[in-house]
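Okay, structure first, notes after.
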Amino acid sequence: MSTGTFVVSQPLNYRGGARVEPADASGTEKAFEPATGRVIATFTCSGEKEVNLAVQNAKAAFKIWSQKSGMERCRILLEAARIIREREDEIATMECINNGKSIFEARLDIDISWQCLEYYAGLAASMAGEHIQLPGGSFGYTRREPLGVCVGIGAWNYPFQIASWKSAPALACGNAMVFKPSPFTPVSALLLAEIYSEAGVPPGLFNVVQGGAATGQFLCQHPDVAKVSFTGSVPTGMKIMEMSAKGIKPVTLELGGKSPLIIFSDCDMNNAVKGALMANFLTQGQVCCNGTRVFVQKEILDKFTEEVVKQTQRIKIGDPLLEDTRMGPLINRPHLERVLGFVKVAKEQGAKVLCGGDIYVPEDPKLKDGYYMRPCVLTNCRDDMTCVKEEIFGPVMSILSFDTEAEVLERANDTTFGLAAGVFTRDIQRAHRVVAELQAGTCFINNYNVSPVELPFGGYKKSGFGRENGRVTIEYYSQLKTVCVEMGDVESAF
């Protein structure tokens, strides 16, 4: 498959183990190929009736799945992981077409996806409570049990990976899931649904409904939904939390960020420069945990900035399906214009553009209507600038200087966000001292934007709560039952 050739020809909802047209509608959406600007799908958004059918179907599957042993669930999840590995190129290609990221990155995303399924497959059989001895031979014990039907609402920057991150722990714990992808990237979640079915989950255990805000509202307010896990913006996350609260539903929120990356003068310069590029330009800068506020100690500011600009200008932009491309297009035209608008405001507020920040038109004529821009490096930035305070969600790096550790910590924490943070230094004591003070849920030392599935990922403050990945996520997809066992006579007050 090549850029500019794919068109969706099958239904984009998945219910009961098969692709289906929605039973009713709440509008229509168009999905684009960012590389070319072509419409690849016009699809119906799921209405309240379709959402209810998906939830009821998942509820029936839950009754079967939750009764399986952890080892039985483990074997099926391992089979799903094997199929993902086997179909990696196909899935990665679909991610490129619908999302715009390079095939190089997309393959890494799919690797992380199957690793996530393998990880939680291993934990499925380890779910256990504890035994507590009580006086007189009595005792208590706890049971960790599934919640029921969980809802996953995904973002458009990592469509397949986020669907995997949300569904793997949910299914490992014995739950069912109804998943709603972003309407910008509706395609690849269907591949995951088909893979789960092929691996042997009960029909309906992982259903997919398409749509925007109205569909999301139907899901969050459904009385048979036990939990909602959302990845996306802060304003939408607040609405989801409010809707879920009315049904006393627990939520996991992975929201936005404006993360600091602190470069001390004793850093390994080569690694720090690579870390800054990783912190700003993966997936065209459309990553919630990006370290877009790059604080550089004054002693190395000029040298660091020079190297960053040099490396940024070498980034190959173009057709995301070409092996040597390292930056594809942004997700859509309105978002491209929004990001360019941030660069314009930054210049008006006194920032200096050292490279990029403008539209890029590839030589290939089929790409002329794609949503490309050159990655941008800004200097002369101040903490009160819009480009430093607000999440841009594009390939725009803001470089700021600092003098002391105490100063940079105060400035780094001066934000309503708290998703991630990073530090580059050779001083191991300083590294641990600094991350202990950073108000962020995910911190990196001498690296940035790596995602081992063994480690929990999530934020502080307005970046949300709950976690994706790691053993702790089992607790967010299960509930604890306490059982008290009396081995003697009842001591009655009456």
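Counting begins at 1 with the first residue displayed.
Every residue gets a Cβ built from N, Cα and C, even glycine.
The N-acetylserine feature in Swiss-Prot is assigned to S2. In the structure as shown, the Cβ atom of S2 (N-acetylserine) sits within 10 Å of 11 other Cβ atoms.
The N6-acetyllysine feature in Swiss-Prot is assigned to K30 (among others). The 10 Å shell around the Cβ of K30 (N6-acetyllysine) contains 12 further Cβ atoms across the protein chains shown. The secondary structure of K30 (N6-acetyllysine), as reduced to three states from DSSP, is extended strand.
Positions annotated as N6-succinyllysine by Swiss-Prot: K30 (among others).
The Cβ of K59 (N6-succinyllysine) has G148, V149, A176, D224 as same-chain neighbours under 8 Å, each 6 or more residues away in sequence. Residues annotated as N6-succinyllysine in Swiss-Prot: K59 (among others).
Per Swiss-Prot, the feature site 'Transition state stabilizer' maps to N157; the stated evidence is similarity to another entry. The secondary structure of N157 (site 'Transition state stabilizer'), as reduced to three states from DSSP, is coil rather than helix or strand. Packing around N157 (site 'Transition state stabilizer') is summarised by its Cβ count: 25 other Cβ atoms lie within 10 angstroms of its Cβ, all protein chains included.
Note on T236 (NAD(+) binding site): other Cβ atoms within 10 Å of its Cβ, all shown chains, come to 18. Marked as NAD(+) binding site by Swiss-Prot on the basis of similarity to another entry: K180, G232, S233, V234, P235, T236, E391.
The active site, proton acceptor annotation in Swiss-Prot covers E254 and is backed by sequence analysis. Sequence-distant contacts of E254 (active site, proton acceptor), defined by Cβ-Cβ distance under 8 angstroms and a gap of at least six in the same chain, are S229, F230, T231, G232, C288, L419, F457, G458, G459, S463, G464, G466, E468.
Look at C288 (active site, nucleophile): DSSP puts it in coil. Annotation source Swiss-Prot lists active site, nucleophile at C288, citing sequence analysis.
Mapped onto three states, the DSSP output places K298 (N6-acetyllysine) in helix. Residues or ranges marked as N6-acetyllysine in Swiss-Prot (evidence: a large-scale study or a structure entry): K298 (among others).
The annotation N6-succinyllysine is assigned in Swiss-Prot to K303 (among others). The Cβ of K303 (N6-succinyllysine) has 13 neighbouring Cβ atoms from other residues within 10 Å, across all protein chains displayed.
Swiss-Prot lists K303 (among others) with the feature N6-acetyllysine.
Proximity of K344 (N6-acetyllysine) to non-local residues of its own chain (separation of 6 or more, Cβ distance below 8 Å) is seen for none. The N6-acetyllysine annotation in Swiss-Prot covers K344 (among others), and the record cites similarity to another entry as its basis.
Within the set of binding-site residues K180, S233, P235, T236, E391, the entry lying nearest in space to K30 (N6-acetyllysine) is K180 (CA atoms).
Per the record's binding annotation for NAD(+), residues K180, G232, S233, V234, P235, T236, E391 show a top Cα-Cα distance of 24 Å. Secondary structure at T236 (NAD(+) binding site), as computed by DSSP, is helix. Among the recorded positions S2, N157, K298, K303, the residue whose Cα lies closest in space to that of S233 (NAD(+) binding site) is N157.
Secondary structure at S2 (N-acetylserine), taken from DSSP and collapsed to helix, strand or coil, is coil. Among the recorded positions listed here, namely S2, N157, K298, K303, N157 has its C-alpha nearest to that of E391 (NAD(+) binding site). Proximity of K180 (NAD(+) binding site) to non-local residues of its own chain (separation of 6 or more, Cβ distance below 8 Å) is seen for S46, V151, G152, I153, G154, V208, V209, Q210, G211, T215, G216, L219, given in sequence order. Nearest in space to T236 (NAD(+) binding site), taking C-alpha to C-alpha distance over the recorded positions S2, N157, K298, is N157.
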